[in-house]
Amino acid sequence: MSVDPAPVLRMVLSSEHDVFVLRQRGREVAAALGMDYQDQVRVATALSEIGRQVPGAEVLFAAAAGPRPHLVIVVSSAALGNQNLEGVRAAGRLMDEVRVEDERIVLTRRLPAQVDAERVGQARAELAESSPTTALDELSVQNRQLVAALEEVQAHRDELLHLNAELEETNKGVMALYTQLSEELEQTNQGVVALYAELDERSAQLREANEAKSRFLANVSHELRAPVTAIIGLTRLLLDPRSEPLTSEQTHQLDLVQGSAADLLARVNDLLDLAKAESGRIEPNWGPIDLAAVFGQLRGTLRPLARPEVELAVDEPPAAGLVSDELLLTQILRNLLTNALKFTDTGTVGMGAWVDGERLYIAVADTGLGIPFAEQARVFEEFHQVRGARQAGGTGLGLPYARRLATLLGGALTMVSEPGEGSTFTLSLPLRPAVPEVDDDGPLPQVERALVVDDDPAARHLLRQLLAGIAGQVSEAADVRSGLAIAVREHPSVIFLDLRMPGGDGTELLADLAGLDDVAGIPVFVVTAADLSDFRADELAHARSVLVKEHLTRRAVVDLVAGIAR
Ligand code: ADP
């Protein structure tokens, strides 16, 4: 609801002097209506700006109470149209609204919320009683206002100076802190760099010490092996029924010597194996592995070691198509099984295998002594044997050696054991060896295209791996007929050929190739596990060379291809 403004005061600007009166009255009206000091000055200044330019004008002060109380000042003058209304713009900045209509200017400014009709009435009464003062009075009021304004400006400036000083001090503090932190950071960095240098040096020293240890082990083992072998040989000679007869005591003593020497030789061999594995001198002989045969052989040879109360249960392994080193794999498993049989008095020693993704897992589990938790990490350390456990001979080298071999084969050996309940050792191996690391110094020999003819997919896969980086493309054939077809079609630069294949021997392909001018010149390498004495020399005459599958290594392939690429 809007309430019509009620007049509070009326006046006419009859002379120049009245501009001062207008200013003064404006301030008085503002004060009577409860405006604060600043607003009073605003109203007074706005009116004096306008009053200067409208001599003879009539000025009406009115106040509207109601929900949004406001002051309305109407300045009416017939001469308004001709005026340069610069003062109106100035007043506009001081009031809420300044509107110029036909012959009047209307200025509005909000009043405090509590101004009501009663307060407006009181203001009107107060103003009716007060009389305007002189120009001089108004000038002194203005002066006072100016002084007050100046004081306020000064106070603001002082406060600003104070704030600036504080800010500068804070800045200095921040800079000091920053410098200190930077220095600390630099010092820490230097420390870290020094630490790393020391670490590098330490690990170089460790590496050297480790290499020295491996060299020492290898040398000592070699040196020990010769005399021990001699002792065994000589003892055998003495015990030979064809030698001079011995007393039964002498025979008994020599039996003991022979037994001890055999033990000693076994230990020395353990040492030598480990030294070789550590120095990386064992290079796996990759080849397809018949897991069932390996498991069968281990079952057969180790069963006699089991105590009567222990069952050796070797499961049938899955047909995994594993490509690895049969000898090394057998050594690892024999080691694990021998330990299990050694440390199990009753129950079972079992071995089983399964495939998961691209890996084969073989677990050897027993229901034996188990290994105390505190010792579990240490049993893979060289020479470590569990203290307090039954002394069962051994060197403490079996497990570290097995783990080394597992690593060499691209796999890992892990263990879980519950003291008193038993242990499970799990070997995980990649089904296929990773692309072999090339340790050749020079560049690899290069051929455009190779053909591999072999019925065994694992063997083909192995060759493909061994040819990585050497042959631009590798084609595969699973039998002689498709081998010939591919050879004629693709003209490979080299052929790797298996001998024993269902549906036709490799020798037939050799003969067929030799009979066709087009392909007769392609070098063929025979790679076979077959017994070569089964073949006549002329059957293999067209082969560039014959390689036993066991000797098929990266090195061998590099050398063979280098021979033809030259
Ligand atoms: P060792 O030649 O003494 O058998 P290993 O390195 O093979 O050397 O084993 C180290 C030690 O780990 C063994 O002496 C034995 O205390 C403990 N150990 C290994 N395998 C087993 C097992 N299956 N059950 C209980 N203890 C075992």
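Yeah, the Cβs are placed from backbone N, Cα and C, and that goes for glycine too.
Residues or ranges marked as coiled coil in TrEMBL: 136-184.
Residues or ranges marked as domain 'Histidine kinase' by TrEMBL: 219-433.
What TrEMBL lists as domain 'Response regulatory' is 449-564.
Neighbour density for Asp498 (4-aspartylphosphate): within 10 A of its CB lie 27 other CB atoms from the protein chains shown. TrEMBL lists Asp498 with the feature 4-aspartylphosphate.
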Secondary structure at Asp498 (4-aspartylphosphate), reduced by DSSP to three states: coil
Structural state census, the domain 'Response regulatory' (449-564) (DSSP three-state): 56 helix, 25 strand, 35 coil
Across the domain 'Histidine kinase' (219-433), average pLDDT on the 0 to 100 scale: 86
